[in-house]
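J.: Encoded as structure tokens, here's the structure I'll be asking about.
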Amino acid sequence: MSLPEQPSSYAAGQKGKTGWRRILNAAIYSRDGLIAAYRHEAAFRQLVWLHAVLLVLLAVAGFSLPVSMILLAASFFSLVVELVNTGLEALTDRVSTEKHPLSKIAKDVGSAAQMLALVLLALLWGLALWQAYA
């Protein structure tokens with residue numbers, strides 16, 4: 001019995017990289033992903049600016065360190081969810097741009113995940129402001 005042929009692709013050529021080279025490549029791919037999301041996805045750009053404003057507010061609000069860390073983590077969580085949602089949408093469009101019930105489910109689920117992340121962010125900010133200033 002013979003083994004199936006390995007695909008000759010860019011990804012297959014990257015599989016053998018280890019050590020520092022692999023870490024450097026991963027950092028470059030991550031940077032490229034952030035740049036692509038910012039350039040091509042309006043929702044990601046809007047969230048980046050929203051979180052920049054929230055970061056400034058966080059710096060001047062005078063919250064305790066634990067509260068500040070929770071709010072910062074919630075902001076990063078929202079950005080991570082949007083990156084995953086953007087990737088899911090891009091992959092869905094790569095497969096087919098035709099309307100299909102499964103494509104709709106994939107995109108709607110990604111959107112719902114982002115909505116929940118933003119609801120969490122709003123609740124945490126509301127609670128932090130209420131605790132600090134009420």
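Our numbering is plain: 1 for the first residue shown, then up by one each step along the chain.
Placed from the backbone N, Cα and C atoms, the Cβ positions cover glycine too.
These numbers come from a predicted model, not from an experiment.
Heads up, here are the entries from TrEMBL:
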| type | residues | note |
| --- | --- | --- |
| ACT_SITE | Glu82 | active site, proton acceptor |
| BINDING | Arg22, Glu82, Ser111, Trp125, Gly126, Leu127, Ala128, Leu129, Trp130 | substrate binding site |
| BINDING | Arg22, Tyr29, Glu41, Glu89, Glu98, Lys99, His100, Lys107, Asp108 | ATP binding site |
| BINDING | Glu41, Glu89 | divalent metal cation binding site |
| TRANSMEM | 47-65 | transmembrane segment |
| TRANSMEM | 112-133 | transmembrane segment |
J.: Going by Cα-Cα distance, pick out whichever of the recorded positions Arg22, Glu82, Gly126, Ala128, Trp130 is nearest to Asp108 (ATP binding site).
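T.: So, spelling it out, the nearest of the recorded positions is Glu82.
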J.: Can you tell which of Glu41, Glu82, Glu89, Glu98, Asp108 has the least company, meaning the fewest other C-beta atoms within 10 angstroms of its C-beta, among these recorded positions?
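T.: Checked Glu41, Glu82, Glu89, Glu98, Asp108; of these recorded positions, fewest Cβ neighbours within 10 Å: Glu98.
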J.: Tell me which residues of the chain lie with their Cβ under 8 angstroms from that of Gly126 (substrate binding site), as long as they are six or more apart in sequence?
T.: none
J.: Please report the Cα separation of Ser111 (substrate binding site) and His100 (ATP binding site) in Å, rounded to an integer.
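T.: Cα of Ser111 (substrate binding site) to Cα of His100 (ATP binding site) measures 17 Å after rounding.
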J.: If the ATP binders are Arg22, Tyr29, Glu41, Glu89, Glu98, Lys99, His100, Lys107, Asp108 per the record, what's the largest distance between their Cα atoms, in Å?
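T.: Per the listed residues, the maximum Cα distance equals 38 Å.
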J.: Count, for each of the binding-site residues Arg22, His100, Ser111, Ala128, Trp130, the other C-beta atoms lying within 10 angstroms of its own C-beta, and report the residue with the smallest count.
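T.: With the binding-site residues Arg22, His100, Ser111, Ala128, Trp130, fewest surrounding Cβ atoms within 10 Å: Trp130.
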J.: In whole Å, how far does the CA atom of His100 (ATP binding site) lie from that of Ala128 (substrate binding site)?
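T.: If we compare the Cα positions of His100 (ATP binding site) and Ala128 (substrate binding site), the gap is 42 Å.
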J.: To the nearest Å, how far is the Cα of Arg22 (substrate binding site) from the Cα of the residue listed as 'active site, proton acceptor'?
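T.: Rounded to a whole number, the Cα-Cα distance is 25 Å.
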J.: Looking at the recorded positions listed here (Glu41, Glu82, Glu89, Glu98), whose Cα lies nearest to that of Trp130 (substrate binding site)?
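T.: Going through Glu41, Glu82, Glu89, Glu98 one by one, the Cα closest to that of Trp130 (substrate binding site) is Glu82.
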J.: Restricting the comparison to the recorded positions Glu41, Glu82, Glu89, Glu98, which residue's C-alpha is spatially nearest the C-alpha of Ala128 (substrate binding site)?
T.: Glu82
J.: Please report the Cα separation of Glu41 (ATP binding site) and the residue listed as 'active site, proton acceptor' in Å, rounded to an integer.
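T.: A Cα-Cα distance of 10 Å.
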J.: Which state, by DSSP, holds Trp130 (substrate binding site): helix, strand or coil?
T.: helix
